[in-house]
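Visitor: According to TrEMBL, the record shows the following:
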DISULFID  Cys92-Cys113  disulfide bond
DISULFID  Cys188-Cys209  disulfide bond
DOMAIN    46-140  domain 'Link'
DOMAIN    143-236  domain 'Link'
Amino acid sequence: MRKGHRLDASLVIAGVLLEDEGRYRCELIDGIEDESVTLTLLLEGVVFPYQPSRGRYQFNYYEAKQACEEQDGRLATYTQLYQAWTEGLDWCNAGWLLEGSVRYPVLTARAPCGGHGRPGIRSYGPRDRKRDRYDAFCFTSALAGQVFFVPGRLTLSEAHAACRRRGAVVAKVGHLYAAWKFSRLDQCDGGWLADGSVRFPITAPRPRCGGLPDPGVRSFGFPQPQQAAYGAYCYSE
């Protein structure tokens, strides 16, 4: 109780999880008197598009939801995708959102990406959650631990061993995006992640380091696990 007046109280939410975002109503009852307030909890985070090694448009809604959770995230909401679009997300593949809709964000309208209309969040309208298949837009927030890079020319199994020797595990895709967003991780070297993909985070774009003018997490796709050509991104708490 803050004791500003006799009905003054504070609500503390500890150990916030990704699914805790939303609207809360706090009501304090004192005899026949009561006070209530409604507030919205918004988590600061990063939205990332995700598809499996099999290629684009492989997930129904439930598989997309599980895939995001396996990568230390959850399906993004429309509000989170819209915020990411205002911050520069431009992606031409449609993906599931938490509400069950299928959308994709376009900054630069172009023929292969929905035509030459206005920029915005394009929608596919109502979709069948079991039958229809798309990619996923995942959302993750700040890390409890840290991501670090182990250099070398490693296979995927050697990457797992290298991280274990350092008391860590191979990072998930959500770990890498969170480290890029919140820890400003910048590493111009491809590294294995737990899903078998190879990626690297860039906060300061420069020549011969991804070839794109904007910051982001670059991807080499899903190389053969036996290919000894990349380092490893490890995660430790």
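Glycine is no exception: its Cβ is also placed from the backbone N, Cα and C atoms.
Just so you know, TrEMBL annotations never went through curation; they're auto-generated.
The structure displayed is predicted, hence computed values, not measured ones.
Could you place these features in context, so I can see how deep they sit and what lies close by?
Guide: Less than 8 angstroms from the CB of Cys92 (disulfide bond) sit Tyr104, Val106, Pro112, Cys113, Gly114, each of them six or more residues away in the same chain.
Mean pLDDT across the domain 'Link' (46-140) comes to 94 in this model.
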Visitor: I want to check the contact list for Cys209 (disulfide bond): same chain, sequence separation of six or more, C-beta distance under 8 angstroms. What comes out?
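Guide: Looking at Cβ-Cβ distances below 8 Å from Cys209 (disulfide bond), excluding near sequence neighbours, one finds Cys188, Ile202.
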